[in-house]
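Following: one structure in structure tokens, then a few remarks.
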Amino acid sequence: MALVLDGRALAKQIEENLLVRVEALKAKTGRTPILATILVGDDGASATYVRMKGNACRRVGMDSLKIELPQETTTEQLLAEIEKLNANPDVHGILLQHPVPAQIDERACFDAISLAKDVDGVTCLGFGRMAMGEAAYGSATPAGIMTILKENNIEIAGKHAVVVGRSAILGKPMAMMLLQANATVTICHSRTQNLPELVKQADIIVGAVGKAELIQKDWIKQGAVVVDAGFHPRDGGGVGDIQLQGIEEIASAYTPVPGGVGPMTITTLIRQTVEAAEKALG
């Protein structure tokens, strides 16, 4: 029977540890770690994600500072808000909720975030440092996936990992993190030819493509580790990027959808904010 990589249970365990660390930091410095979240516009899903992150802050004893900006906000106005947060010594982490309205240069705004406060791992500088094996906060979803693999004693070194997806916040950093852990990595995307054949070679498969059940169950080889980073609402529940029905008969381990990667994304963001606060406050 396949091992279920339960992200929800692991996230709860990590949050319990973070609560202790936050209390220790408060006792030592009299200061509370603060995550600033910036929401631009009125996208309902984005507002939900920001609320979930605020709830996670409260669970570990942190504070969150919510910045809400109107839909018509310009790049210059958003950059000015980010600069204020960079300069605010009470703020230890900055999250710019993706996506932003089309008129905003999202990349310029991500890269304006101070490296020390880039707890969501979105800056080019942070990505470059991570890719070179230097200290930086990793993009939250792939960093959460690496924690799931590590905590479940999944062997990565020497394994063939296939990452399906090449986005700047998921596919690319995921591939770099697996490479740093000594996997042999193949990156696939929408233009990849012979995708089923490449997936069949994977010891570890990561679905990060953003298309519901694109990766078919019969593409996956016996004994593979299956990580599904996608979520697509369906019939009151949801599915991922990988066809998971019956996957326990094929995989040696897999992340369920929901309850696998998702909870660890938010917990990783919170953990990296606590780490940033510990560094800033000594």
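The backbone N, Cα and C atoms fix where each Cβ goes, and this holds for glycine too.
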**Study point:** Same-site residue for NADP(+) (record: Swiss-Prot; known: GLY165, ARG166, SER167; options: SER114, SER190)
**Key:** SER190
Check your understanding: In sequence order, which same-chain residues at least six apart have a C-beta under 8 angstroms from SER167 (NADP(+) binding site)?
Key -> ALA208, GLY210
Check your understanding: Around ARG166 (NADP(+) binding site), how many other CB atoms lie within 10 A of its CB?
Key -> 18
Review point. Across the record's NADP(+)-binding residues GLY165, ARG166, SER167, SER190, the largest CA-CA distance in angstrom?
Key: 11
